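Participant: Mind having a look at this structure? Questions to follow.
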Amino acid sequence: MASPRSWIALEIVGNIFYYYIQQMLFIPGTGVIKISFALTLLKIVQDRIEIFALYFIVFAATAITLIPFFWFLLACQPISLNWALGSESCYVNERTSIFNGHGAITAFLDLVLGIVIPAIVLHRLKVRLRVKVIAGAMLSHYLKKLTLNKESNPA
């Protein structure tokens, strides 16, 4: 029968493996969402500066998706060293700074795509102020649900 320490080590390795898989799905998933939202906004906007900004956002979202994804995929060879424990593991200290940079740029792109450009589009609409306020309230309510959706079960 295996010792409790070996069971704990196996559980830690399994958790690190699932974390790795989660990161490999999260990075391209958020990139695809940003790019599709920006391409949708391209159909709505008409000003040249806004079109240029949206193309820049598509380029930035593509870059901030591909660079961490391939770095995370190819940093350790063989790939199983990403979730190995002990001296043979391949946990690189730059991983934290890369994901912090990814998170900061992603937050900025979310701010621009979710608040700034829709606010500019709403401002330019030729409708009554009441309709603009209602559309802005619906958008802000959706964004609040998106960003503040936390577990209702405190630990």
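Every residue gets a Cβ built from N, Cα and C, even glycine.
According to TrEMBL, the protein carries these features:
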type	residues	note
DOMAIN	15-138	domain 'Rhodopsin'
TRANSMEM	20-42	transmembrane segment
TRANSMEM	54-74	transmembrane segment
TRANSMEM	103-122	transmembrane segment
Participant: Check the domain 'Rhodopsin' (15-138) for me and report the mean pLDDT.
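Facilitator: Here the mean pLDDT over the domain 'Rhodopsin' (15-138) amounts to 82.
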Participant: By DSSP, what is the split of the domain 'Rhodopsin' (15-138) into helix, strand and coil residues?
Facilitator: 100 helix, 0 strand, 24 coil
